[in-house]
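Quick notes on the structure that follows.
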2 protein chains.
Amino acid sequence: MAQNAHAARPGEQTPAVEDDHKGPKGVIKVPQRLLMGPGPANAYPRVLAAQSLPLLGHMHPPFFAIMDEIQEGLRYLFQTKSPYVLLVSGTGHAGMEAAIANLLEPGETIVVGNNGIWGTRVADMAGRFRGNVVELKRDAGQTFSLDEIKAAVQEHKPAVLFLCQGESSTGTHQNLAGVGDLCREHGVLLIVDTVCSLGAVPIFADAWKIDCIYSGSQKVLSAPPGAAPLMFGQRALDKLKGRKTKPATYNLDLNLIGDYWGWFGKRSYHHTGMVSMWYAMREALEIAREEGLEQLWARHNAMHKRLWDGLKSMGLEPFVEKQADRLISVNTIKVPEGVDWAAVVKNAMDTFNVEIAGGLGPTAGKCWRVGVMGANAHPAPVDLVISSFQDGLARQKRSL
Amino acid sequence: MAQNAHAARPGEQTPAVEDDHKGPKGVIKVPQRLLMGPGPANAYPRVLAAQSLPLLGHMHPPFFAIMDEIQEGLRYLFQTKSPYVLLVSGTGHAGMEAAIANLLEPGETIVVGNNGIWGTRVADMAGRFRGNVVELKRDAGQTFSLDEIKAAVQEHKPAVLFLCQGESSTGTHQNLAGVGDLCREHGVLLIVDTVCSLGAVPIFADAWKIDCIYSGSQKVLSAPPGAAPLMFGQRALDKLKGRKTKPATYNLDLNLIGDYWGWFGKRSYHHTGMVSMWYAMREALEIAREEGLEQLWARHNAMHKRLWDGLKSMGLEPFVEKQADRLISVNTIKVPEGVDWAAVVKNAMDTFNVEIAGGLGPTAGKCWRVGVMGANAHPAPVDLVISSFQDGLARQKRSL
């Protein structure tokens, strides 16, 4: 093409453009699937539709108004009056990293409750940020007692304690009773991961004295993956403001991102807000609010029971030994001896268009994982999962 | 509600749920705007529509096929045969941080071309990652000559050189002729920011010997904000693989994310892919390919000229002195003495529903910034911007 047609700078070569188009041309094609694994869950149609609305600028007043609505919705979900709530741009991992990067300084001690992949990852992150990492370990399928948490806090005198409320790699639900009080008493900041539990089971950030909670968009909220709800209580904010060092990550520095979300009374540009994703979250949060938290919790509990009534009737058992440790949103199911778990997963997809998942990390090969979350926590999807197990196991009996 | 209706754990208090719904209830409302600032630009309707397609799981083969298509599209945009391309989950800032975090080790020297806000931010990031930061500074509106880049490389012997091709805070276009050769000669890795230039002006990753390029989704590609296209050449990959320390950020560790994108021959879970956003990017990349890079570059250049024909006819002048330094995608326009720049911006929005922007960082108050990018690089939007300047300036003449 003529050199003056484009804006290459003097001296820059412009060889012929190469194109070797192998992939399918034309408009994207996406099959329909029922997503009953640990997430993403299917999104609400209204949430997906919001993403096709025209973009606004990330510094426009009408967009700020939508951010205000999101913050209101987050306060409701977290049950907090804290002004310090926002969406981290990214998935739950970005929320996790934002929490650790901003609340832990190099050389400080963090006690990490590690009973699955999320604790392992937090320990890895905290080490990269040059924290002194103490892992409180439990086997997959177990949770921590208040007594052992207390002993660890007393022994290690950490700056930060991390616990995962809903451990989706193992299917456990961490009891948080008394942990907030314990942390206040010892001057410890409490970070709780609720990526796959927020909205499915009760949590009260203020009443339970939790300093930082983060979550994900693609589980109970049934929005697409890409936004991590996050809250800081006043003690977390004070820690952030009083840091001796800058957080290692500029991209997730909550001093700067908080400034964009109006935490400090104005709105300063940090990075471009994820406009379509924020629209989706505004809708997802409003849908949760229209239903109401108590109803949301009760629906998830009822669907969890419905799932297990079906699974137990065919002899399947929970991977998590104790009833009180079992998570209701991501359910782990023991693989019976001699059964090919992967064949059951494959059959569910091939025959029913249903995703169920195998284990992850410490549970790989030992269990299936079934998510009953948000838009999918209803009788029809749950019953389809039960049918897919019945069919998958029956096929193996025939072939065993 | 009855305690057994939900899944609170023994001992956990469940006070009454509080709701203080102040924001508007019901479905989200979004006004229509023409986004002619530095970004986001308006998205293509086909791109927005893709985001309302049903979610797939992030580990499903049909989703991997879409990721393959995205990678093909990225190779085309970057003009590279490198296998090491992917979308970073986040905006251009996440791309920037991924580049710096993965290619710079603590204690290594980075020379940062700093002639605007992006250089300033890279310097900040590199410092947080404990790099030895050398800033090569130029006033806003100027670019770097090959000679001064060469002198800096010879003097400081950096591990990494950072340059911004399209500096959107100042409106400059960095000439890259000879820089790749220089870097190879001195064993320096070259990182180039193309957030607001990719697709508008020529760049050839392989022919120009660039080791790492990152960009943004919401500019010339006209997708929503939230994905950062990124490429590593073989030398960048070798550096990543040979690191003595882990990157400080787990969330953006390209060893792990690359593994999800199939860089090393398999697909391992790192974090949940941003499903809807990836759909949007697949469409945006396909649209760019359907038009063709040469046509895309020529269209942007023609619309830049059309904009300036109109602006110059009313006596406005470029903020950037030298023609050869001017960026065509984000145009900076000098604010004439005595003119209230903010009133022109406000009038454009109030009267025309058009966003134009003021300066940023070193150019705040000194210029306007007009983006002519992607879906908006067409005569009608450009002419509307010209009209909005005519009207805004005429109103001031009346009132001055």
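Cβ coordinates come from backbone N, Cα and C, glycine included.
Remember, predicted model here, so these are calculated numbers, not experimental data.
For reference, TrEMBL has these:
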- B:Arg369: substrate binding site (BINDING)
- B:58-359: domain 'Aminotransferase class V' (DOMAIN)
- B:Lys219: N6-(pyridoxal phosphate)lysine (MOD_RES)
- B:1-24: region 'Disordered' (REGION)
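Per DSSP, the region 'Disordered' (B:1-24) is made up of 3 helix, 0 strand, 21 coil. Summary for the recorded positions B:Lys219, B:Arg369: the Cβ-based neighbour count within 10 Å is maximal at B:Lys219. Taking the domain 'Aminotransferase class V' (B:58-359) as a whole, pLDDT averages 97 in the prediction. For the pair B:Lys219 (N6-(pyridoxal phosphate)lysine) and the residue listed as 'substrate binding site', the Cα-Cα distance reads 14 Å.
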